[in-house]
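Listed features, source TrEMBL:
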DOMAIN    48-125  domain 'Phosphoribosyl-AMP cyclohydrolase'
BINDING   Asp95, Asp97, Asp99  Mg(2+) binding site
BINDING   Cys96, Cys116, Cys123  Zn(2+) binding site
Amino acid sequence: MSADANPAERPATLPTQPAGAWLDAVRWDADGLVPVIAQEQGSGDVLMFAWMNREALALTAELGRAVYYSRSRQRLWRKGEESGHVQQVHEIRLDCDQDVVLLKVTQLGHEPGIACHTGRHACFFQRLEGQGAEAQWQTVEPVLKDPETIYNR
């Protein structure tokens, strides 16, 4: 990659440790997974929550694009492989307990970026309104694109 390459096209920077040592620092759960939060680089919006296994995290760092592990499909899930809504990774952070990963991303594929399979900017589009027995979840973010057209269902 040339030094004058667009910074938005550069892969995430890998830690300077022996190959694979940085992956060993992650505290994987009993299923070999770690929870991951995707946060939008510019706005700071929390876009989504997902899981990664060791291979997904290694590929994410190598490619500079988010690759998750689908627990329901039991396979790697390259964000945007069906929808085109790719997440370009700028930073990979590990929390203080080393058991949660934070990705700082740019959501690509639609303006504004769509991270949620419901066609919304972020997966956290419901807010609890009210108190006690009267509390209800309210949808507070609009659908930006019909999911039927995103996934050609």
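Think of each number as a place in line: the chain as shown, counted from 1.
Glycine too: its Cβ is placed from the backbone N, Cα and C atoms.
Sequence features annotated in TrEMBL and their locations in the structure.
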{"residue": "Asp95", "record": "Mg(2+) binding site", "DSSP class": "coil"}
{"residue": "Cys116", "record": "Zn(2+) binding site", "DSSP class": "coil"}
{"residue": "Cys123", "record": "Zn(2+) binding site", "DSSP class": "coil"}
TODO: State which of the following binding-site residues has the fewest other Cβ atoms within 10 Å around its Cβ: Cys96, Cys116.
DONE: Cys96
- [ ] Quick one: among the binding-site residues Asp95, Asp97, which has the most Cβ atoms sitting within 10 Å of its own Cβ?
- [x] Asp95
Task: Of Asp99, Cys123 (the binding-site residues), the residue whose Cβ has the fewest other Cβ atoms within 10 Å - done: Asp99
Task: Separation of alpha carbons, Asp97 (Mg(2+) binding site) and Cys123 (Zn(2+) binding site) (Å) - done: 25
TODO: Give the sequence-ordered set of same-chain residues, not counting Asp95, Asp97, Asp99, with Cβ within 8 Å of the centre of the Cβ atoms defining the Mg(2+) site.
DONE: Arg27, Leu94, Cys96, Gln98, Val100
